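Peer 1: Sharing a structure with you now.
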Amino acid sequence: MGRFPFFGTKHDMPYIDGHLSLSLSVPCIFSTMGPAISPRLLLPATTSDRVSFHATIRSGVDRPNVIRIFKRNPYAAASAEMKAAVDFGDPDWKDKYEHEFEKRFNIPHMTDFFSDAESYPSTFCLRMRTPVSEDFAQGYPSDEEWQGYIDTNDRVLLKVIRFSSPRSAGAECIDPDCTWVEQWIHRAGPREKIFFKPENVKAAIVTCGGLCPGLNDVIRQIVITLEIYGVKKIVGVPFGYRGFGKEFAEIPLTRKVVQNVHLSGGSLLGVSRGGPNVTEIVDSMQERGINMLFVLGGNGTHAGANAVHNECRKRGFKVAVVGVPKTIDNDILLMDKTFGFDTAVEEAQRAINSAYIEAHSAYRGVGVVKLMGRSSGFIAMQAALASGQIDICLIPEVPFELHGPHGVLKHLKYLLETKGSAVICVAEGAGQNFVEKTNAKDASGNVVYGDIGVHIQQEIKKYFKEIGDPADVKYIDPTYMIRACRANASDGILCTVLGQNAVHGAFGGYSGITVGICNTHYVYLPIPEVISYPRTVDPNSRMWHRCLTSTGQPDFI
């Protein structure tokens, strides 16, 4: 995921107000702070240094007291008040911290901006199925109150583990004593009161960025839920934000149109990167009469949605702008997972199994599989765990050396001597220090990466040729096959619920929010909090340790 092109470098993820975030493990207490809320040591950043590093001390059998430098993301930018170190000497620090967290995660509501915003009884009621008529006034008639609504004060707990020690694997602590601090976020779902009359709504859906399994599932469910509320005017904006240009026509959407779109991959509306600026987008929305906008995309797309939300508020334009996070890499902050990820991991098994068969069938065979993951290695890590066929897993968060006594190639030589074959799984963003920089960017502002998979393949061939040992190397890149496939059952369910809750949030009067799943519950989050940084694999997490146990790989530093 990258930046939305016209919002400038302030959305570059590793930065906080133009500073590079650097967390040091010892003796600084901040190394154990929760990623979404930790104060950070701020050091000036150079334009060429675009990553933050987290130093942790690891001891090896043959390399005692080696300092490992991990590319680690502090996850979320704190607000200005939260950046300063917490005064733990203040007996009320915990209450103050919880209060500040609550302020940060409060979600924008219609009534915050429009004092005359009027509410109506909800037209969403699954007990009475009477259709909403053109002369809608008081919603569905019912003799008894339906108990299916979410109270506006319902909250979901963000963190559920109470760590007893900062030394616990994956520990996220606020203070040196790992004090339990409650962090609550808004529960998603239908509200008893709505802030739009369905007959006055014109809803638009837009899909931005690259393809991802499940896009059509989300589109379908948004349309179906809007119709249940009684909305008659629903359109799709073609080809991402570009579709707001005057040369593109809207795509009318109804349940009949979208009924079977989830049976195929891709996006019914098309996707693209880049597009008009914020002013032009909001101008187009006003001209078209759009007052509900559902935006499906990643961090850059959400940055655009948040800018559109702010511009609408600045103009006094009553619009609900709701995001649905879409990234196949699973790198959206604070969420259990994003749609498309489970499908990607499942489809990656086919490529890994093919690489295994090729390698296992050849004399001293090596299979190399490159999977998606620009800044995070979740797909590679989970695919390695799921397959049980991976010997080496390389991800962006954990640096490695190819050559040298502890490099990947040395371990590969050992594997061929002992096992006769080996399979390597590498995320696309891993090892970019080994490949030539392209100095190119795509339309979203993402740096175009060099092909680490091809580089590793070539280095393996070169290495074994130089030492005089044969190696039969096969390289597989299933990227576009995975992106274009249909969502599996797990993602299909996730997409369904995300689409429904996006509509509930819009009718509930919320804007500038995104919907996600947190600790198995569906929640609404303010967009700025989830686009502060991409979510990354914590090299000290139990999941990464499980992956290392599965592959049996050593440190490659």
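Quick reminder: no glycine exception, Cβ is built from N, Cα and C everywhere.
Taken from TrEMBL, the feature domain 'Phosphofructokinase' applies to 203-504. The ATP binding site annotation in TrEMBL covers Gly210, Arg273, Gly274, Gly298, Asn299, Gly300, Thr301. Taken from TrEMBL, the feature Mg(2+) binding site applies to Asn299. Taken from TrEMBL, the feature site 'Important for substrate specificity' applies to Gly300. Positions annotated as substrate binding site by TrEMBL: Thr327, Ile328, Asp329, Met372, Gly373, Arg374, Glu428, Tyr480, Met481, Ile482, Arg483. Annotated active site, proton acceptor per TrEMBL: Asp329, in sequence order.
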Peer 1: Find the longest CA to CA distance in the recorded substrate-binding set Thr327, Ile328, Asp329, Met372, Gly373, Arg374, Glu428, Tyr480, Met481, Ile482, Arg483; express it in Å as a whole number.
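Peer 2: Across Thr327, Ile328, Asp329, Met372, Gly373, Arg374, Glu428, Tyr480, Met481, Ile482, Arg483, the two farthest Cα atoms sit 17 Å apart.
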Peer 1: If I take the Cα of Gly298 (ATP binding site) as reference, which of the binding-site residues Glu428, Met481, Arg483 has the closest Cα?
Peer 2: Arg483
Peer 1: Give me the long-range Cβ neighbours of Glu428 (substrate binding site): same chain, 6+ apart, Cβ under 8 Å, in sequence order.
Peer 2: Lys370, Leu371, Met372, Gly373, Arg374, Tyr449, Ile452, Gly453, Thr479
Peer 1: Closest of the binding-site residues to Asp329 (substrate binding site), Cα to Cα, picking from Arg273, Asn299, Gly300?
Peer 2: Asn299
Peer 1: Measuring Cα to Cα, tell me the gap between Arg483 (substrate binding site) and Asn299 (ATP binding site) in whole angstrom.
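Peer 2: About 18 Å separates the two Cα atoms.
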Peer 1: Per residue, counting other C-beta atoms within 10 angstroms of the C-beta, which of the binding-site residues Arg273, Arg483 reaches the highest number?
Peer 2: Arg273
Peer 1: Can you give the largest Cα to Cα distance in Å, as a whole number, for the residues Gly210, Arg273, Gly274, Gly298, Asn299, Gly300, Thr301 that bind ATP in the record?
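Peer 2: Spelled out: the longest distance between any two Cα atoms in Gly210, Arg273, Gly274, Gly298, Asn299, Gly300, Thr301 is 13 Å.
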Peer 1: Run through the Cβ atoms and count how many others sit within 10 Å of the one on Thr327 (substrate binding site).
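Peer 2: Excluding its own Cβ, the number within 10 Å is 29.
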Peer 1: Looking only at C-alpha atoms, tell me how far Asn299 (ATP binding site) is from Thr327 (substrate binding site), rounded to the nearest Å.
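Peer 2: Spelling it out, the Cα of Asn299 (ATP binding site) and the Cα of Thr327 (substrate binding site) are 8 Å apart.
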Peer 1: Return only the integer: C-alpha distance in Å from Thr327 (substrate binding site) to Gly274 (ATP binding site).
Peer 2: 16
Peer 1: In whole Å, how far does the CA atom of Met481 (substrate binding site) lie from that of Arg273 (ATP binding site)?
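Peer 2: Roughly 20 Å, rounded to the nearest whole number.
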Peer 1: For Gly300 (ATP binding site), list the number of other Cβ atoms lying within 10 Å of its Cβ atom.
Peer 2: 26
